[in-house]
Amino acid sequence: MDKTATLCLLFLFTFLTTCLSKDLCNQNDKNTLLKIKKSLNNPYHLASWDPQTDCCSWYCLECGDATVNHRVTALTIFSGQISGQIPAEVGDLPYLETLVFRKLSNLTGTIQPTIAKLKNLRMLRLSWTNLTGPIPDFISQLKNLEFLELSFNDLSGSIPSSLSTLPKILALELSRNKLTGSIPESFGSFPGTVPDLRLSHNQLSGPIPKSLGNIDFNRIDLSRNKLQGDASMLFGSNKTTWSIDLSRNMFQFDISKVDIPKTLGILDLNHNGITGNIPVQWTEAPLQFFNVSYNKLCGHIPTGGKLQTFDSYSYFHNKCLCGAPLEICK
């Protein structure tokens, strides 16, 4: 092999070695991540966060491509023996699009205001933790947010009406907390696509705002609260709703003239004070789950469609409901 070829091979080897050993991770991001690790008491769950290695290879992280200079775009800490509060340094990851702290029973404190700095955030999941305090109003500043999940925490107080101003929100999941007060009137006027709305297992009270009847939810779950009054505005044959769960509240309205969406696959109204007869129109829906037990319904269960495919547990404990799968009407 001549001298020129040898030099070319040596250059190529040096070039490849340099490229392979070069960190993709931004140094500012790496420094921030190491501060986050320290703030969380250096948990074993983050053992891969070694300052001598490329942080884009660390567990719980994702980096973007060259168009964003390989900045950290996702921080997902799921399970593990993590203790402490949400580190303030989280707000110093400016390219973050996904932030998840989930199934961390020793994560305490409030939802930190530093999160408001994450203007590129599209997904925020803080769930199955011991976070306390209110849902902060500053979340409405995250104008790129598409998915918000704050379920299975100990959050309290009222739901900020400002959440309805999020222009790109597709799902609001606030279930299983200790939220009180009423559902905001503003939730009847989201600026963009109507989001899936899940507010179950809280202590919400009062009537449903009439404004909610103006929009077409795909999924709405208000179950296991203290809501009362009329909920008929959520229905309508012209809507495209797939799932409605109003179970275990104190709703009182007559369903006799309530048409349901012809797209409805899930309907749960159990444990309320709903009256009237089940309309024949309900046989037109492609129901996969159906429960109207523990109400004050009367009359004959309409035949046809899906209504007879459900067993008696979907109908029992009503005032005078009859027909298959219950006893024959007399």
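Placed from the backbone N, Cα and C atoms, the Cβ positions cover glycine too.
Annotated features, as they stand in Swiss-Prot:
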DISULFID  Cys25-Cys55  disulfide bond
DISULFID  Cys56-Cys63  disulfide bond
DISULFID  Cys298-Cys320  disulfide bond
DISULFID  Cys322-Cys329  disulfide bond
CARBOHYD  Asn106  N-linked glycosylation site
CARBOHYD  Asn130  N-linked glycosylation site
CARBOHYD  Asn238  N-linked glycosylation site
CARBOHYD  Asn291  N-linked glycosylation site
REPEAT    69-93  repeat 'LRR 1'
REPEAT    94-117  repeat 'LRR 2'
REPEAT    118-142  repeat 'LRR 3'
REPEAT    143-166  repeat 'LRR 4'
REPEAT    167-189  repeat 'LRR 5'
REPEAT    191-215  repeat 'LRR 6'
REPEAT    217-237  repeat 'LRR 7'
REPEAT    238-260  repeat 'LRR 8'
REPEAT    261-285  repeat 'LRR 9'
REPEAT    287-309  repeat 'LRR 10'
SIGNAL    1-21  signal peptide
Counts of helix, strand and coil residues, the repeat 'LRR 8' (238-260), according to DSSP: 0 helix, 6 strand, 17 coil
Least Cβ-crowded entry, counting other Cβ within 10 Å, from the disulfide-bonded residues listed as Cys25, Cys55: Cys25
Other CB atoms within 10 A, centred on Cys320 (disulfide bond): 11
Cys63 (disulfide bond) versus recorded positions Cys55, Asn106, Asn130, Asn291, Cys329 - nearest by Cα: Cys55
Spatial neighbours of Cys25 (disulfide bond) among the recorded positions Asn106, Asn238, Asn291, Cys298, Cys320 [C-alpha, 10 Å]: none
From recorded positions Cys55, Asn130, Asn291, Cys322, Cys329, the one whose Cα lies nearest Cys298 (disulfide bond): Cys322
Recorded stretch, among 69-93, 94-117, 118-142, 217-237, maximising Cβ pairs under 8 Å relative to the repeat 'LRR 9' (261-285): 217-237
